[in-house]
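A.B. asks: Take this structure first; my questions come after.
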Amino acid sequence: MNPEKDFAPLTPNIVRALNDKLYEKRKVAALEIEKLVREFVAQNNTVQIKHVIQTLSQEFALSQHPHSRKGGLIGLAACSIALGKDSGLYLKELIEPVLTCFNDADSRLRYYACEALYNIVKVARGAVLPHFNVLFDGLSKLAADPDPNVKSGSELLDRLLKDIVTESNKFDLVSFIPLLRERIYSNNQYARQFIISWILVLESVPDINLLDYLPEILDGLFQILGDNGKEIRKMCEVVLGEFLKEIKKNPSSVKFAEMANILVIHCQTTDDLIQLTAMCWMREFIQLAGRVMLPYSSGILTAVLPCLAYDDRKKSIKEVANVCNQSLMKLVTPEDDELDELRPGQRQAEPTPDDALPKQEGTASGGPDGSCDSSFSSGISVFTAASTERAPVTLHLDGIVQVLNCHLSDTAIGMMTRIAVLKWLYHLYIKTPRKMFRHTDSLFPILLQTLSDESDEVILKDLEVLAEIASSPAGQTDDPGPLDGPDLQASHSELQVPTPGRAGLLNTSGTKGLECSPSTPTMNSYFYKFMINLLKRFSSERKLLEVRGPFIIRQLCLLLNAENIFHSMADILLREEDLKFASTMVHALNTILLTSTELFQLRNQLKDLKTLESQNLFCCLYRSWCHNPVTTVSLCFLTQNYRHAYDLIQKFGDLEVTVDFLAEVDKLVQLIECPIFTYLRLQLLDVKNNPYLIKALYGLLMLLPQSSAFQLLSHRLQCVPNPELLQTEDSLKAAPKSQKADSPSIDYAELLQHFEKVQNKHLEVRHQRSGRGDHLDRRVVL
């Protein structure tokens, strides 16, 4: 520093002492400055006061020499003390050089800067609030200072500033929030602790409504909640807990919509505490805001659904996620199916599938359902508990369906999540069928694929969804449209039957009984599509047919009309080109028909053949059952067409008898001994009126080798009374009771011809296969 420079009104002694390395001498100089400034205040000499402050600032506090900077700091503090209540007029000039010293490399100098600013603030009190942001900014840096003395000094200043803010009603929160939002993302644990402590203080001040600005800082708070320091996490939990209490207390002033996506992001984090806290907030938001949260459903589901598959290690998160899921589901009502028509202009705002899927961890979605719906977020700022339930919110399904489809397609996802997805789909088809049927073609393949799931419960829920699709009036169209995917389109063309056959199927009205739901649903155009593709899946995945086929078909018979299911499958199988599969499928359907309790009513309907509908069903089943000779006979036994059964067995002599064929005859004999055929066994007592039944059974006996089944049937026939009555002369003339006299519409001769035609086709295919094999064998020998 130039000793000859003029520092007036500061005397040379003061200047010399301010530059001294000893603190005591600098302190003496400060007292002299205080005395000098007091005189200027008494004289109201503002020019000289400003000159003193400027000199101390420019020539000392901002000097290159460290001792000069220390002298400048203590001198500025002395000026503030001397100015007293008038210091508010000069605060900018007093504070700025001191704050500059906060960045000094010398820790002692940073400490003196804290001390000087403490004295300045202590004198000015509330007058410093217009400069709060710069003070806060400086303090936030010192909070992370490595020097313990500096940190201690900054804490004293921090407490003083908090006291001033608490006792004042002039705090400018609007100007402060941008700075808070910026500083809240600091990764330093001391800076985080400093930020949290200030939020707690501001939250406790009655005149400061921090809740209005919660969307600005909520994301930062959740990030601080993941801090490694236990104390900081605890402090942050307290802050978030206080905010949540305020939200519950005053939901009308909460900007739910602006915070929804923030919660969605943190509900997907890997940190258990953050995830649980965010999920608890989401639960409260859904319950308090109601339908306001609907536009964010796809994001919420993206976050919530995976949590439903958590194990007991994350039981708390799982339980809260389940409440969120159930609460959100309840918000969807039948009125949501009508909103597009009531307000057609809003259709344009529906998010596209690309926009609708919420972004994953680390990025927030732009708006409701992940799309930028500014009209929604800007249009709602204040909600009341009552009004939110009736808020005119449009439910857009694109994003929701995409999320559900994505989770159902993910084979790694947990069972409970898949069940929840299927429950959602079922709920949406019940509440908003017209909207959902726009998405059915995209959902259909994955729903069919889910039938191969390992869990019975998943398959049950999947079948409920498929049954609802197949029976909902909203799915009734003139043309169900092309199926999704090339292989499904191929299956459609491969298994499709002519339209008249379909029309006849869909109009079939069977007896409503145990096989039907309480109110048998009307089948729509998707029903036939479902049957076609289900059979196609059984054809391509034989293990599914073997392991789950009976279970799937029995459940469908409970959910839908059993008669329609059997009628349609028989109709489709009649045109199946893979004859081996057709035979296998017919055998499976026949076993289900004869053994399942769910089909008791349908069996009774077929047993009597009293109505035209039952006769038509018999003829339809018969034509497909012809793919398997033994099942055809069992169908005749079920319907008490014993003469035709005998005629069929006579034709067995012309068939190729294989091991599989004999095994099926063996199973039929076992079935005859079951309760299902009790009526048939009792009819053996009436030999006179049932000669063809006995002949048919003897025919089966003659087909069997000497086996356990042969012995079983032989013993049964030995119990028939008066066997000589089998040779009755008038048996060909009389119409036995077993051959329905009241079924003139059934042309049994034509049915027998059809049986021969189908079996010849099977024989031809087998010969073609064996011919190719023989040809290959000959080539090998040569």
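Numbering starts at 1 and runs along the chain as displayed.
Quick reminder: no glycine exception, Cβ is built from N, Cα and C everywhere.
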A.B. asks: Looking at phosphoserine as annotated by Swiss-Prot, pick the matching residue from SER472, SER743.
C.D. replies: SER743
A.B. asks: Which residue, chosen from THR499, THR520, is annotated phosphothreonine in Swiss-Prot?
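C.D. replies: Record lookup, Swiss-Prot, feature phosphothreonine, residue THR499.
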A.B. asks: List the helix, strand and coil residue totals of the repeat 'HEAT 4' (212-249) as derived from DSSP.
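C.D. replies: Output for the repeat 'HEAT 4' (212-249) reads 33 helix, 0 strand, 5 coil.
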